[in-house]
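Colleague: Pasting a structure here, questions to come.
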């Protein structure tokens, strides 16, 4: 082997070897235990960022480790290739989304290969290819035939900049998640999939996901939002109309003082027809923010409709108000207001001088003070007629039962989860396979006309979708009847909801999935991706799997057994203030910094001499210009160093702070491993280790080696604490570096240790380990080598170090045989002269012995 560690030579050669040998290509093999490891597929934005590198390194480490355990490991990769950014980039670069996307895929594919990820490239998919989305279109038509798909006009979150609909989850603080433009409300026809039909399953099956992070499961539970309550019907004075509301607090029903309805509710619209001021208010509400966080904090506004509802139990007339905080899409578009016991109702009632009636006693049994705020805690009913004195549960049931008995109430389980709106008014997406015939009938595209192909050779004007702008594209016939194709495209979450299943049979042409392959590989054993996908992608991913199961395409209930959510990658962020007061962000690569003796940044300037403000560590992003290009780091240090730093610098699920000094440290460590192996191999051939004749020092070193193997095995396999696994190997390397190399036995032990170290590091740093394995004379390629197994016998301690205390104070430490009795330990302690002087002339009154650890002699 060469004397110097040169990653640029090693990595190119090893990657070429993997490519030629197709090392990571797999097929179904019933004789082997399978393991499917999957990282969330990337959007081909043009360049990999450090977040990608972290995600894919974690997946690759797990995959390589599982291969070494002898499993048949599938690790595929592909491209989530549709989506809005491609349209913007195409306009900006005067091209079309397709060529821009395919160029990016090619570039990023090469970047992934440079990092040495062990993917089965034969299974690569791009979701924008017709051979992928044809099956998505086919499945949608099947869901339509099953009654799982419908179209309705609904108020949507509309981004006026991107000219598209946003899901509620994509509205952040009232603005578009992508471009930060203020979101508006708009009524348009949309296609929906009935995810609400699966709400109960999606909720209950979270309990089966024992190896998913608790945080993700909690977020999904809250998003599904199961509640038990009562649907209540109110009559409306002088009207045939009925008003229906849902409440989870029927115990407060005697405290209702008004009813609030959405601006778009039929009663609001009826009243607005003769009330111009109300009509203006209804129009204003059309642009109300709809993200829940916004709803909670925005100013509550309303207007009396002049209509009244009748309380079903008391007969009281309750004013009906149109309010901006009630949404037509949620529940019935009407809520009963109990201002005494609901914060939002109290705020509204206080603003508009509506009555506030307390009906629940305070915890101390007194009437609550409602002058400053509502009392929202549960308690004993009062002011509630026949229900006075009942506790919360009894009050809930008694009032619910009475409403049911009177025929004006019905117990109901409700969910916060809404049906999934999958229509997008964009071009670069899979066309929705539906046709409107000339008589107005809507039918699915026949199977023999699938896929409905998206034309790729288009001109982007940045305003309208090319397929909407071209009247010819939509024209088609179904069974000889002319019709128009749907020009909306699918939400891109559709593609990423089933890609994991298509990886099991990407070339299969006879259907969406090959049942044999899908059921061999599925469910995914390990899924890796960011926590930011907890409620969108990961919910749709689980939902789609259940749809596939119910269509007979897979036979498992959940798509992934184990989920690891990696933390974000942070980097230093610097800026200076421009002439117009704006912040101009400067890359940390271009910042010249001064640090204090604790390493803290005290001063920074850029090359032009601007004094920089240090904004701390923040997520690597384009907006703060603090991304570090992985390719630059790979060229400077090698892929193995970058991978090692990524896995060592922080626990996988925590944020990782990018520090180039840490990268240099990882590089120095690999050079040390290389140097130790070089020095060892330079001494020539090694004889076999004779375990029976090891010296005490050699036994101790071998014990450390096998304890390290046991720890690293547990850390990588069960605990997934990869940083502590690497730390354990580093600690062992320090001991190996100090170990004598005089005798044949010394060298034989070093050979055993280095072969184990190289295998333990292989999942993290595969290129250098491939070379070292060859240099050390390992059998075959390391790619097929088994994971090292800890020798239980080697780990048995021959002796123990026992701390000796006299009256609770440490007076000495003694080495005793591992199987020494308490009496033998006491005798040995008495011979230790540091201990003996404290026992001279005193009586031992009590002995406390913790076997193999501590001896405390109480004397007097």
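Numbers here mean position along the shown chain, with the first residue as 1.
Here the Cβ of each residue, glycine as well, is placed from N, Cα and C on the backbone.
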Colleague: Looking at 619-623, 624-628, 629-633, which one is motif ''KMSKS' region' according to Swiss-Prot?
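Modeller: Matching range for motif ''KMSKS' region': 619-623.
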Colleague: From the ranges 42-52, 53-63, 64-74, 75-85, pick the one that Swiss-Prot records as motif ''HIGH' region'.
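Modeller: Spelled out, Swiss-Prot records motif ''HIGH' region' over residues 42-52, not the other listed ranges.
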Colleague: On the DSSP side of things, how many residues of the motif ''HIGH' region' (42-52) fall into helix, strand and coil, could you say?
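Modeller: Result for the motif ''HIGH' region' (42-52), in helix, strand, coil order: 3 helix, 0 strand, 8 coil.
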Colleague: What does DSSP say about residue 622 (ATP binding site): helix, strand or coil?
Modeller: coil
Colleague: What is the total of other Cβ atoms whose distance to the Cβ of residue 622 (ATP binding site) is within 10 Å?
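Modeller: Taking every protein chain into account, the count is 10.
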